[in-house]
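*Asks:* Pulled the feature table from TrEMBL, pasting it below:
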TRANSMEM  B:6-27  transmembrane segment
TRANSMEM  B:80-100  transmembrane segment
TRANSMEM  B:127-150  transmembrane segment
TRANSMEM  B:156-177  transmembrane segment
TRANSMEM  B:189-208  transmembrane segment
TRANSMEM  B:242-260  transmembrane segment
TRANSMEM  B:281-303  transmembrane segment
TRANSMEM  B:335-359  transmembrane segment
TRANSMEM  B:380-399  transmembrane segment
TRANSMEM  B:405-427  transmembrane segment
TRANSMEM  B:434-454  transmembrane segment
TRANSMEM  B:480-503  transmembrane segment
Amino acid sequence: MTTPESGQDRTDRSPWNWLLFVPIVLPLLTFLFNADEPRLAGFPLFYWLQLAFIVVGVACTTIVYRMTK
Amino acid sequence: MSGQHTTELVVFVALFLVVSGMGFVAAKWRRPKDIESLNEWGLGGRNFGTWITWFLVGGDLYTAYTFVAVPALVFGAGALGFYALPYTVVVYPLVFLVLARMWSVSHVHGFVTPADFVRARFGSPTLALLVAITGIVATMPYIALQLVGIEAVLKAMGITGHLPIIIAFAILAAYTYQSGLRAPALIAFVKDTLIYIVILAAVIYIPAKLGGWGSIFDAAAEKFAKTPAPGDGILLNANNQLQYITLAFGSALALFLYPHSLTGVLASKNRNVIKRNMSALPAYSFLLGLIALLGFMAIAAGVKPIVNPETGKPDGNTVVPVLFDQMFPDWFTGVAYAAIGIGALVPAAIMSIAAANLFTRNIYREYLNKQATDAQEAKVSKLVSLVVKVGAVLCILLLDPQFSIDLQLIGGVVILQTLPSVALGLYTRWFHKGGLIAGWATGLAAGMWMLYLIPNPANGKLHFGGSAFPLANFGFDTKATLYAGVIALTVNLVVAAVATLIFRAAKVADGEDATARGDYFADEGDPRVKDIDLSGAH
């Protein structure tokens, strides 16, 4: 294969990448959401909070994508 | 076939035929110059933009089986079955940067499969062969499970016997043969539109009929309180929290190691398409969360799963189809069934293409015909994709479907063992090829041993009854369990590291790395990316 020359200065490194850890770790902390109360529109906390984590995930990956483009 | 399901059946068959027609037309979609190469047939021309990739990868990861099995799990076990949601929240940030690297190095070197990458990175045809075989073995039962998904809706319509499944798969096989990855890419639009409509209708209409979400959860809590099983309930308990965490995390690690998930990623046209999709794909996770809750709705609606005439046991996979049948008007039930049925075709097509590509690139080309031309490779892949689908149908005809479900469970543990060479390999060349092979073998053996030890009291099985490995087996005084795949992967990593040190100390020759650092960041427009060298650099 070609010897490395062009593109060598490119990298995926960025401090923004640390933000990706938030949606990776948050949904695995069961003590945060393993409860029935408070309910939201009839949903126990266990269910609505985990659905809300999707929004956190989308927000974090979108920010990282925008800031490192 | 009973007369009361006529409307449903007509709608189902009509939608199924429309989609099949699209599958055949797809060969001409986005005008390939010549479909006789793996870049065209197996990767759709490697030029898919954000939208197509979104539908394709989404249609690939969220399968008919998911729509049937996840709510069935929630129906039977409650909160534990909801692991599917955190699993699909965790996965995208986890692979955000990893897949971009995989895309770059694959486009510079013309890789079609994860085993192609391993071959070049570690200079080892043997390691690549092991990765390829692991991929094929893990994918086969997954395809068979798509048939289980179709069978569940057919059963709910009162259709028994295997002929309809054979016909559906023959049609699928024919248009995948002709159009390659373009067929599932095009059909995915219809499949997902139908699924979104059905699920949104379900989560608004059904709770309204059942007295609201609050009473649905209360009904479920009441049911679980009455059952003797200690692990169920609408919340987790002290014993299954670790299982929930490790199952969600382990499944997330495994998802993009499956060759078929990578197929969709490699078909995209640049790095930005992948990164943008990692933030857009969670829209499906939202859907999956709502689908999981259909299990609770089925409890509140008093759904009784259909009893399988062959085994005399209730088939949990039928709870969602039966729920739709009870709640929706007939014509809409037909639409819902079609959504599930077509939902099986997209992933089954992509999976069979991925398995066929593995065979072609890493077995046929490596060991049988080193001088294979593009056209020969495409021909072999097309034929193997047929063989794979026939194999999946035979699995369903000859084996108890429950056995396919067990195999799928094993498949997840099996595919995780390729993580050190495929995923870590993207970041480090530290491991010795011999160390990776040793780690793969011990991880696999440990995983099989653990799964063998797990019984399932619910259906009286002594072995391969689930993926929850009791920590008490290691002498801990606890009832807590861990996902067996995560333990097996840990064994794999430890052995790979120790064996690497031993091989280095003994000065055993290592393979050569055919990739360069810059290859991992190359993007569309880069001269090396434009010129795809299919003959490979290895």
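From the backbone N, Cα and C atoms, a Cβ is placed for every residue, glycine too.
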*Asks:* Ranking B:6-27, B:189-208, B:281-303, B:480-503 by Cβ pairs under 8 Å to the transmembrane segment (B:242-260), which is first?
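*Replies:* By Cβ pairs under 8 Å, B:480-503 leads among B:6-27, B:189-208, B:281-303, B:480-503.
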*Asks:* With an 8 Å cut-off on Cβ pairs and a sequence gap of 6 or more, do the transmembrane segment (B:335-359) and the transmembrane segment (B:281-303) reach 3 or more such pairs?
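*Replies:* Answer no, regions not in contact.
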*Asks:* Count the Cβ pairs between the transmembrane segment (B:6-27) and the transmembrane segment (B:189-208) that lie under 8 angstroms and are 6 or more residues apart in sequence, then report whether there are at least 3.
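*Replies:* Taking Cβ pairs at least 6 residues apart, the transmembrane segment (B:189-208) and the transmembrane segment (B:6-27) are in contact, with 3 or more under 8 Å.
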*Asks:* Who are the long-range neighbours of the transmembrane segment (B:434-454) in its own chain, taking Cβ under 8 Å and residues 6 or more past its ends?
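*Replies:* Distant Cβ neighbours of the transmembrane segment (B:434-454) are 122, 124, 126-127, 130, 134, 409-410, 413-414, 416-418, 420-421, 463-470, 473, 484-485, 487-489, 491-503, 508, 510.
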*Asks:* Let me spell it out: take the transmembrane segment (B:156-177), skip the flanking residues so only those 6+ beyond its ends count, and list any with a Cβ under 8 Å from a Cβ in it.
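*Replies:* 1-2, 4-5, 8-9, 12, 16, 20, 23-24, 26, 147, 150, 183-184, 306, 309, 318, 321-322, 324-325, 337, 341, 345, 348-349, 352-353, 382, 385-386, 389-390, 392-393, 396-397.
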*Asks:* Cβ pairs under 8 Å only, please: of the recorded stretches B:80-100, B:127-150, B:189-208, B:405-427, which one is richest in them relative to the transmembrane segment (B:281-303)?
*Replies:* B:80-100
*Asks:* Out of B:127-150, B:189-208, B:405-427, what stretch is closest in contact terms to the transmembrane segment (B:480-503), meaning most Cβ pairs under 8 angstroms?
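*Replies:* It is B:405-427 that shares the most Cβ pairs under 8 Å with the transmembrane segment (B:480-503).
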